[in-house]
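Visitor: Here you go, one structure.
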Amino acid sequence: MAATVGRIYGAGLLKPNHGAVRHQVSNFSKASFSAWTKGRKTLFATLGIVTGGTGALLLALEQSVRASELELHPPNNPWSHKGFFSSLDHSSIRRGYEVYKQVCAACHSMKYIAYRNLIGVSHTEAEAKAEAEEVQVQDGPDEAGNMYMRPGKLSDYFPNPYPNEEAARAANNGAFPPDLSYITLARHGGEDYVFALLTGYCDAPAGIPLREGQYYNPYFPGGAISMAQALYNETIEYADDTPAYASQLAKDVSTFLKWAAEPEYDQRQLMFIKSIFIFSLLLSVAYYYKRHKWSIVKSRKLAYRPVSKK
């Protein structure tokens, strides 16, 4: 008899009664809040207002400090390679190499790019070999133990315009021209930053002091930059007779630097397309296999028929 009563009351206690529980909890919370004294409510309300006001003040101060720096973020330009299925413009890469060779190479190095990297991207093997032979590279020692100069080879890297960092700083009023091999990865904004910097030179606003040999560019941190504006209309002449406007020069050299920093960009885009095709096929096969193999398991019904005791 005791066991039977226990089963009955146990089954009743195990039955879900979520509505009653929620009602009791809500009543408990209301009763607890209403039991607070007026002073306690005022204290918590004051703490909430002070905390929110302090957070808003800190956010406003941070934004005002950023605004006072007068540093602009580069706009997002509609690059032809910006897209899931887009590749780099190799004609623009070739023109960008011309801009780097005739303008940027006078101050900036690209010590991680070799002439052989141009083959199949912007130049043929014969053209890349001709480009390499235009420079003189120190080699040696020879049989007599002396260093000598020889024409460049495909395995040589782009030459450094300065023998060392001290010579570079001495020639640029103490500023060291950075290496451009990975500049689009090293700067926030990538090629957008490079394009904005090259085309963003303007007169310094009132109250911005510039030292001798400095120029104002709002896209450069601090505004004062030691590099003078290098790109103007018709600064160089393209081999393919493309109009050499300043914006065109900046666009082409930015694309070239994008390729230099990520030479695997086109292969990565191609691999992405292949991955979409392969994974779509695998997903279709997996879905069919799941429907075929698990349909029996999902549609079956389990019935419990206890054996009656006689």
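Placement of Cβ uses the backbone N, Cα and C atoms for every residue, glycine included.
So TrEMBL lists the following for this protein:
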- 91-250: domain 'Cytochrome c' (DOMAIN)
- CYS104, CYS107, HIS108, MET227: heme c binding site (BINDING)
- 270-289: transmembrane segment (TRANSMEM)
Visitor: Relative to the mean position of the Cβ atoms of CYS104, CYS107, HIS108, MET227, the recorded heme c site, which additional same-chain residues have Cβ within 8 Å?
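Guide: Close Cβ neighbours, site residues excluded: VAL103, ALA105, ALA106, PRO177, LEU180, ALA230.
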Visitor: Compile a sequence-ordered list of residues in the same chain as CYS107 (heme c binding site), six or more apart from it, whose Cβ lies below 8 A from its Cβ; state 'none' when nothing qualifies.
Guide: PRO161, ALA168, ALA171, ASN172, PRO177, MET227
Visitor: Neighbour count, 10 Å Cβ-Cβ cut-off, for CYS104 (heme c binding site): what number do you get?
Guide: 22
Visitor: If you skip the near sequence neighbours and keep only those at least six away, which residues in the chain come within under 8 angstroms of HIS108 (heme c binding site), Cβ to Cβ?
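Guide: In sequence order, the residues whose Cβ lies under 8 Å from that of HIS108 (heme c binding site) (at least 6 apart) are TYR100, PRO161, PRO177, PRO178, ASP179, LEU180.
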Visitor: Taking the domain 'Cytochrome c' (91-250) alone, what is its mean pLDDT?
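Guide: For the domain 'Cytochrome c' (91-250), the model's average pLDDT rounds to 94.
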Visitor: Would you count the other CB atoms within 10 A of the CB of MET227 (heme c binding site), including those on all shown protein chains?
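Guide: The answer is 20.
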